[in-house]
Amino acid sequence: MSLLFSRCNSIVTVKKDKRHMAEVNASPLKHFVTAKKKINGIFEQLGAYIQESAGFLEDTHRNTELDPVTTEEQVLDVKGYLSKVRGISEVLARRHMKVAFFGRTSNGKSTVINAMLWDKVLPSGIGHTTNCFLRVGGTDGHEAFLLTEGSEEKKSVKTVNQLAHALHQDEQLHAGSLVSVMWPNSKCPLLKDGLVLMDSPGIDVTTELDSWIDKFCLDADVFVLVANSESTLMQTEKQFFHKVSERLSRPNIFILNNRWDASASEPEYMEEVRRQHMERCTSFLVDELGVVDRAQAGDRIFFVSAKEVLSARVQKAQGMPEGGGALAEGFQVRMFEFQNFERRFEECISQSAVKTKFEQHTVRAKQIAEAVRLIMDSLHIAAQEQRVYCLEMREERQDRLRFIDKQLELLAQDYKLRIKQMTEEVERQVSTAMAEEIRRLSVLVDEYQMDFHPSPVVLKVYKNELHRHIEEGLGRNMSDRCSTAIASSLQTMQQDMIDGLKPLLPVSVRNQIDMLVPRQCFSLSYDLNCDKLCADFQEDIEFHFSLGWTMLVNRFLGPKNSRRALLGYNDQVQRPLPLTPANPSMPPLPQGSLTQEELMVSMVTGLASLTSRTSMGILVVGGVVWKAVGWRLIALSFGLYGLLYVYERLTWTTRAKERAFKRQFVEYASEKLQLIISYTGSNCSHQVQQELSGTFAHLCQQVDITRDNLEQEIAAMNKKVEALDSLQSKAKLLRNKAGWLDSELNMFIHQYLQPSR
């Protein structure tokens, strides 16, 4: 068991050691590759985030249901950020590490590049001088090609000789021209990591140094000065890098003292020459250019032989040993020096390229993310404030709605009671006034003046005009007695209703309440209809002697009983049956008992029946009276009776007939009008009730409109609050996403841009 455990531990240890060795042996150029991949991913996420934010802001700005929570300027700003991020992403996708090699003609710049690429990519050696700028980059294809400046034509190049021939045959190329040599990545692993090497003509063959710097050097991450170790640094070389230092802040410069293999022929002077070159190069970098300090200068100056390294690496690529062939003494030291240069160079260019290529864009990305975050934060705050305002407005309207419902219920009960009381009072006033007017009906009838004639035609017209006079007079008198007071009370009641319900209406409606609630001039209509009421009136304007038998009976018994007596009804007077059921607790009346009035009617009826049957009664009565009082008294009585008859007959004129007609009409009309007192009072009270109920209904209609508006506003507020909640959540999410992107950028800065301690 312990053996198995120890074996497992050893396996884990071996795996960890291998992983560590892989990390150690990994090319520093991978740092740039991973940084580029990381920053491209961040910018891709940033672009998607800004696009989402721009769409969200635009939709929010176009939402007319909400109050403005964002401005058009903010929408345009975010859209501008989107275009900037897309532009930066395109630039980052094309970014690569760039190293520029400079030096005098035939110092071995092309040989150094070939040695670093482990292959003879560029023409070099005796008879080959670079007459233009050569940009060496990698391609995923399997065939090499070159592109000349201003042309998209890919010229196939399979060998170095073909490349050299193509460069020399192109007459349009000059020292300031650029030719891109695209070499397959499969042949040069160094090019896989996005490294571009720039070869240049000798800086001692042209005076256009400024244009070279502007055109080819401003985006270079590292400059390599390839010097000839057999001579010292020339003023031309120094002048060029002084110009570079003026254009760029602290450029990364390496100095390669090439052809150091020549020192092997004079080993006794090797260290002295090396020390002199080191001092002069250090002084140039530290004192003249000020790009490094003295402690760092040793890592920027190297003594190499590019030709030896290239030869050894080509032999190794072909399967032969590195040390094969005639190599000068100290080759391994120079090989190690060149490898050390490559290591320092890769570390420097990866750090420098990440910083120069990504730092500015990273800072810009942080600024954009922060700007969008601030916009989302302001939108979140504005939406929150608007939501609080909407909640307050909704609560206010809900309170207002509850207040209206409660007040309307109380006012409805109160006005219902007051309307009932007022209608009862109106009915009482109208009934009382009508009863008084009926008692004064004779005065109104006496005021009627029109020619009277007993003929039926004239009498009919007389009746119709009298009916109209009575109706107009009663209506006028009733109006004078009741209408003004009732109308005043009604208007007061209507105004009380308006004043009571006005607080329930909006301010804008209160000022227009008189126009919204129709208030016509109220006038009571009594509708007596005297013509129909007295249509059955039958006048009796024939002459009737006051002491005649009919008048005497009528005077003592009344009109109804006199007709019964004179017309000779049955002797047996039947007692009418009661209309209501008899009370069983009371003893029943005897069948034979009669009232005094009924007994008198029965006696007179019997007497009239007796005189009508025989004339003997007259003789008997006359004889009795004759014997009792004597003939003189009887004659005198008959004489006076006759004179009275003649007087009454002579005074029975048209005027007397008119008075009799009016007296009979007053009696008849008074009786009929008494029957409709209650109806007229109820009719007037109903009119008042209808008017007041109509006014209250119109006011309630306006209140209902106000309630409906409040309910609609509350529903709109609820919808608005939901929209603001969604808006607030989305703005908060986007704000937090901006913070997350900022943390990703900070992590990138910490991991790739800040110097390691």
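Heads up, residue numbers simply count up from 1 along the chain you see.
Cβ atoms here come from the backbone N, Cα and C positions, even for glycine.
Model confidence over the domain 'Dynamin-type G' (93-342) stands at 80, taken as the mean pLDDT rounded to a whole number. Feature annotation from Swiss-Prot assigns domain 'Dynamin-type G' to 93-342.
Across the region 'G1 motif' (103-110), DSSP classifies residues as 2 helix, 0 strand, 6 coil. The annotation region 'G1 motif' is assigned in Swiss-Prot to 103-110 on the grounds of sequence analysis.
Residues or ranges marked as phosphothreonine by Swiss-Prot on the basis of similarity to another entry: Thr111. Of all Cβ atoms in the protein chains displayed, 25 besides its own lie within 10 Å of the Cβ of Thr111 (phosphothreonine).
Per Swiss-Prot, the feature region 'G3 motif' maps to 199-202.
If you look up Swiss-Prot, you'll see 258-261 marked as region 'G4 motif'. Away from its own ends, the region 'G4 motif' (258-261) comes close to residues 107-108, 111-112, 226-230, 303-308, 327-328, 330-331, 334, 337 of its chain (Cβ-Cβ under 8 Å, at least six residues beyond either end).
For the coiled coil (406-435), same-chain residues at least 6 beyond its ends with a Cβ under 8 Å from one of its own Cβ atoms are 474, 477-478, 481-482, 485-486, 489-490, 493, 496-497, 500-501, 503-504, 524, 526, 673-674, 677-678, 680-682, 684-686, 688-689, 692-693, 696, 700, 703. Taken from Swiss-Prot, the feature coiled coil covers 406-435 (among others), and the record attributes it to sequence analysis.
As annotated by Swiss-Prot, transmembrane segment applies to 605-625 (among others), with the evidence given as sequence analysis.
Annotated transmembrane segment per Swiss-Prot: 627-647 (among others), in sequence order, evidence recorded as sequence analysis.
The coiled coil feature in Swiss-Prot is assigned to 696-738 (among others); the stated evidence is sequence analysis.
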